[in-house]
Amino acid sequence: MMRSLQTRLGLLATGLLVNASVWASGSIDGPVEKQGVNLHAIAMFIVFVALTLGITYWAAQRTRSAKDFYAAGGGISGFQNGLAIAGDYMSAASFLGISALVFDKGYDGLIYSIGFLVGWPLITFLVAERLRNLGKFTFADVASYRLAQTPLRTFAATGTLFTVALYLIAQMVGAGKLIQLLFGLNYTLAVVLVGVLMVIYVTFGGMLATTWVQIIKAVLLLSGATFMALMVLSHVGFSVESMFATAVEVKHAAAQALSAKAGAASEAAAKALATHAADASEVAAKAKTLTADAAKAAKANVMAPGGLVSNPIDAISLGLALMFGTAGLPHILMRFFTVKDAKEARKSVFVATGFIGYFYILTFIIGFGAIMLVSTNPAFKDAAGKLVGGSNMAAVHLAHAVGGEYFFGFISAVAFATILAVVSGLTLSGASAVSHDLYANVIARGRTNEAQEIRVSKYATVGLGIVAILLGILFEKQNIAFMVGLAFSIAASANFPVLFLSMFWRGLTTRGAVIGGAIGLISAVVLIILGPPVWEATLGNPAKSAPFPYSNPAIFSMTLAFFFTWLFSVTDKSPRAESEQAAFLPQFIRSMTGIGAEGASKH
Amino acid sequence: MDEALIQRIQNNPKFAELVHKKGRLSWCLSVVMLVIYYGFILTIAFSPETLGKPLSAGGVTTVGIPVGLFVIVSAFVLTGIYVRRANTEFDQLTKELVEESRQ
């Protein structure tokens, strides 16, 4: 069947070659060509959907109160929540994108994935248990604990909706591209399907259904990836050294073939120039690119850091965005309210860190496995010698190579199902920002009841679903590689500083939090637009013309956010500021001891 | 939380102990994680060849592979150290503190 998958391009990973697009593997983007219809994958995906709809029905019977809806009644165990967090965090883009990055560039893929992991320990040490002790449903509960509700919740909901929208668009576009590659179906169908399913999971099943969709997806993805990594290792007799050696040889042979081709092209060009052939300049240009490619391939080393991290400022900035952005992602923070106490919250991050770290090790092995088993197999290549469907298909082709037709279908279905789990968490988080923060606490100012709040959040879910579908369709042809980066940068520069300072700094006032947080949000957005990822890659301006030279603004936008939050807090001498600072002690005691913290529901 | 309870907790030496111990452990481990990660990133930025050296003469596996694995495993282990101490020692201390203060 693979041989019948005829395609000419699909260089999904082109973005990765451009230094500006460090973020590219955070999303599935670039042009793709629809593949042949993959019946195994579609069948297995239908089984997944049937199972998750069954769970949604079951969850709907158990979702009555607001606490059930937003936080699964607080009755999820630490281990289950850990798996669900991992399921929320391991996106299709990180499975396909990171293994593609390893497939193309080797070691750089590992560097990239490590960035996504190191935020988790910090969440454990500084955020998780305090969040659980202070909050109820959203991180705004914590940020606004002792501050003025209206401005703080409006700000936090804005930060949440920005992060959620950007992340959702990236996932929707990814879903559309993936369905063409994996199932051979239509882009719009995928976007609508994903939108409708996520709305069903969330409106009917709330957090309980979302949690179980994430758990099932995590288990499927982890077991599929484990099987692939084991097959790869068994291929090399479980010797990592020989796996690396084979991969280096393969890359070396490819570089040599390329250089031979470049040599031949140069000769042809010289001949064409000498005979003043009509197409001489064209032939010469082709020879020039081939020579450059060959030189690049000869220099590339899959076993050492390449060009991913070359500019120290960008590297540090990317690191900050990943580390602290993770600690400011509203859909991740929300998961800590689903467990019964601080102890379970801690356990869940430990479990999540373990699974996520393990998963990144697997993607590294899978990437190398694809170099050995996929790039050497003509069945997975098109006429031009490129991978069918582009580099993002490396892991999927590997599934075919090591597990045959059925396993290939399984991995395709899992990769697509993965998107559903991620978007459900995002939607629930966005809907709770609208209903719990904006509606219940800002618009109705607490004068509403639970039933009404849940109703609003269901409307919000449907609204978000429609917006997500429309944006998904609108952004089909756009270069959206920057979106996940922007989501992380906003989370790190707006959500995180305010949340962090509200828990740790007595001096924080409403004025400081709102102004500082807004400056963080605006500067992150503006600097991303003025930087290479949007200015050059998306808006199409020439290379090196971006007014802001760095791809990752976090180092600047986070500094601005912290500085102005501090400045506008210490200069705030209003009576309100005084009482807010005085309220720090009771808040601190509750965050340390859990006295007064939300318990699990009784039923 | 009423004023009296806050007063009692604040005056209980166990509260100071809890704040001190938990604070020290979380900040120490955070610094360790930051040093490990930024040490790794800065090595890549300023001296990528260090990580590109083969582990043994004639071998293919480079220094970067165990180093990368070390960063991943350290994230897990540091989290484990914190969770273990917090879920036993600190939670016990918290429990005693809350019981004493509620009387």
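Cβ from N, Cα, C; glycine included.
Note that TrEMBL annotation is computational and uncurated.
TrEMBL annotations:
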- A:1-24: signal peptide (SIGNAL)
- A:40-60: transmembrane segment (TRANSMEM)
- A:81-103: transmembrane segment (TRANSMEM)
- A:154-173: transmembrane segment (TRANSMEM)
- A:185-206: transmembrane segment (TRANSMEM)
- A:218-238: transmembrane segment (TRANSMEM)
- A:315-337: transmembrane segment (TRANSMEM)
- A:349-374: transmembrane segment (TRANSMEM)
- A:406-435: transmembrane segment (TRANSMEM)
- A:456-475: transmembrane segment (TRANSMEM)
- A:481-505: transmembrane segment (TRANSMEM)
- A:512-530: transmembrane segment (TRANSMEM)
- A:550-568: transmembrane segment (TRANSMEM)
Quick test of the contact rule: Cβ under 8 Å, at least six residues beyond the ends. What residues does that give for the transmembrane segment (A:40-60)? 182-183, 185, 197, 200-201, 204-206, 208-209, 212-213, 216, 220, 405-406, 408-410, 412-414, 416-417, 420
Verify whether three or more Cβ pairs under 8 angstroms connect the transmembrane segment (A:512-530) with the transmembrane segment (A:315-337), leaving out any pair fewer than 6 apart in sequence. no
Chain residues in Cβ proximity to the transmembrane segment (A:550-568) (below 8 Å; excluding those fewer than six residues from its ends, i.e. six or more beyond): 19-23, 311, 313-314, 316-318, 320-321, 324-325, 485, 488-489, 492-494, 496-498, 501, 507-509, 511-513, 515-517, 519-520, 523-524, 527-528, 531-533
Is it true that the transmembrane segment (A:349-374) and the transmembrane segment (A:81-103) have 3 or more Cβ pairs under 8 Å, skipping pairs fewer than 6 apart in sequence? yes
Are there at least 3 C-beta pairs under 8 angstroms linking the transmembrane segment (A:81-103) and the transmembrane segment (A:218-238), leaving out pairs fewer than 6 apart in sequence? yes
Which residues of the same chain, at least 6 past either end of the transmembrane segment (A:154-173), have a Cβ under 8 Å from a Cβ in it? 26-29, 91-93, 138-140, 143-144, 191, 194-195, 328-331, 419, 422-423, 426-427, 429-430, 433-434, 437-438, 442, 464, 467-469, 471-472, 475-476, 478, 480, 483-484, 486-487, 490-491, 494-495, 498, 513-514, 517-518, 521, 525
Based on Cβ pairs under 8 Å, which of the stretches A:185-206, A:406-435, A:481-505 lies most in contact with the transmembrane segment (A:81-103)? A:406-435
Six or more residues beyond either end and a Cβ under 8 Å away: which residues meet both conditions relative to the transmembrane segment (A:185-206)? 34, 37, 42, 49, 52-53, 55-60, 63, 68-70, 72, 171-173, 175-179, 213, 416, 419-420, 423-424, 427-428, 431, 458, 461-462, 464-466, 468-469, 472-473, 476
